[in-house]
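Record features, source TrEMBL:
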- 1-22: region 'Disordered' (REGION)
- 62-164: domain 'FAD-binding FR-type' (DOMAIN)
- R115, Y117, I130, K132, S140: FAD binding site (BINDING)
Amino acid sequence: MDGLQRGASVDEETEPEEPKVGDCCGEGCNPCVYDIYRESLKRFKAKRPHGISADSLGLDKIEFKPFRLTIITPQTKDTSIYRFESSERISIKIGQHLELLVPCQSENGVKEVVRKYSPIAWTVTSFDVIIKRYANGEASKYFDKAEPEDVMSWRGPYGNFSYRKDDQEQLVILCAGTGIAPVIPIIR
């Protein structure tokens, strides 16, 4: 499958250019162009000698990184859990989400869309996401054809949710469908 390393690369040799006022759509995107700029600037300033980046984890907030799909576990006729693995260490916290770069067919050939998914479980080199496939969904068509060993491009993690088990005596959580994904790690 296609989709490997399709994100815009970050040139850490030159200082990033601050976005213009009109570059932000004002819709509250996460990450916003200003978030990407701040992260790029932070990396530029934290650059180590000999070209080694200060952040070398398998996940990156700016660049999409390759992850191998290793297991597909069907849950219902249209919903499955997908496990992705990296050769590098990853770090994800409860409440964070990742972005997947999805190549889709369009009238002009292939276009790329980004979809957000909350991991429901993870280790130091892998994560699981639960995905519902919709009849006309752009990303759904991609996952309908997905097979173990396919390589897909992910970035992140994003989100500042903070949860500690001992903070609350009782917790009420309302969610439905695959919207349960962000709270599964809290429940566990």
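Note that the numbers count up from 1, one per residue, in the order the chain is shown.
Heads up, the Cβ atoms here are built off N, Cα and C, so glycines get one too.
Since this is a predicted model, take the numbers as computed values, not measurements.
Structural mapping of features recorded in TrEMBL.
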residue : record           : DSSP (3 states)
R115    : FAD binding site : strand
I130    : FAD binding site : strand
S140    : FAD binding site : helix
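Across the residues the record lists as binding FAD (R115, Y117, I130, K132, S140), the two Cα atoms farthest apart are 13 Å from each other. Packing around K132 (FAD binding site) is summarised by its Cβ count: 16 other Cβ atoms lie within 10 angstroms of its Cβ, all protein chains included. Neighbour list (Y117 (FAD binding site), Cβ cut-off 8 Å, at least 6 residues apart, same chain): H97, L98, E99, L100, V129, I131, A181. The local packing around S140 (FAD binding site), expressed as other Cβ atoms within 10 Å of its Cβ over all shown chains, amounts to 16.
Residue density at I130 (FAD binding site): 20 other Cβ atoms are found within 10 A of its Cβ, drawing on all protein chains shown.
R115 (FAD binding site) has a Cβ environment of 17 other Cβ atoms inside 10 Å.
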